[in-house]
Amino acid sequence: MFYLLSTFNYFVSIFIFLVGLCVGSFINVLIDRLPNGESIGGRSYCDHCKKRLEAIDLIPVLSFFFLLGKCRTCHKRLVVQYPIVEFITGVTFLIIWLYFGFYLTIVQLLAYFLLAAVCIVIVGTDLKYHIIPDSMTALFILSALVIGKGDSIATQLSGGVVLFLVLYGIYLVTRGKMMGFGDVKLAFGMGILFGVIDGLIALYLSFLIGGIVSIFLLLSGKSKLKSKIAFGPFMILGTVLMLLYSQQIHGVIEKIF
């Protein structure tokens, strides 16, 4: 019985990883099309020659290597973003299954998968275009309402309002130079997900990591003082850390204070 259960979990894990790869392929479409106002329907195409890709060209990760990283038609280099995003999504889905899958309801598990996919889209669009699409923020909030770490809807909403006001205040003081309004709206989603206390901790982690990375980029000469740095990815990282390691983080805080 134990062997059968282990074998079943093994195959489910492989299946979820493969599903994640396929979702990652669609995430690439969202990253490239949403910020440009393009329709997400229709076949994928080469960014250079605009030739529609064949089914054989759309196999997640593998197609990139089969084609040696080049378009089959124009032979220009494909963006390495595609296999990276696909692989990261596959691994992320697998981690969610192994970390949460055995004690969540189907609805909660699907909400985690949705949240993960949305987070990857947000990181991609913010890094590439400095845009966080409103549609992705809305899906973030929707999945946060299902996952919700707060005791009640009221707790979740209060967390959303508090985090929104905190970042909105910073947005006003800095006149939008430190972050965009998309970050402010994303903070509302983080508050919905965690509530006030954990939401503020996640936000603090975002600023802490963002500050460390910014200092490193300045010292290494890869960024200038007035350079625009996407803050969305750091907010997502703070969210992930709080989801995975909330108990450990609270333990560290208790030791300090």
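Just so you know, glycine gets a Cβ as well, placed from its N, Cα and C.
Some features that TrEMBL has for this protein:
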- 7-31: transmembrane segment (TRANSMEM)
- 18-100: domain 'Prepilin peptidase A24 N-terminal' (DOMAIN)
- 80-100: transmembrane segment (TRANSMEM)
- 106-124: transmembrane segment (TRANSMEM)
- 114-215: domain 'Prepilin type IV endopeptidase peptidase' (DOMAIN)
- 131-147: transmembrane segment (TRANSMEM)
- 153-174: transmembrane segment (TRANSMEM)
- 186-219: transmembrane segment (TRANSMEM)
- 225-245: transmembrane segment (TRANSMEM)
Contact between the transmembrane segment (80-100) and the transmembrane segment (131-147) is defined here as three or more C-beta pairs under 8 Å separated by at least 6 residues; is that satisfied?
no
Its residues classified by DSSP, the domain 'Prepilin peptidase A24 N-terminal' (18-100) shows 48 helix, 4 strand, 31 coil
Ranking 80-100, 106-124, 186-219, 225-245 by Cβ pairs under 8 Å to the transmembrane segment (153-174) puts first 186-219
DSSP puts the residues of the domain 'Prepilin type IV endopeptidase peptidase' (114-215) at 85 helix, 0 strand, 17 coil
Same-chain residues at least 6 beyond the ends of the transmembrane segment (106-124) with a Cβ under 8 Å from one of its Cβ atoms are 23-24, 27-28, 30-31, 34, 81, 85, 88-89, 92-93, 96-97, 100, 132-133, 136-137, 139-140, 142-144, 146-147, 186, 193, 232-233, 236, 239-240
Per the Cβ under 8 Å criterion, with at least 6 residues separating them from its ends, the transmembrane segment (225-245) contacts 99, 119, 122-123, 125-127, 130, 132, 178-180, 182-183, 186-187, 190, 193-194, 198, 201-207, 209-210, 213-214, 217-218
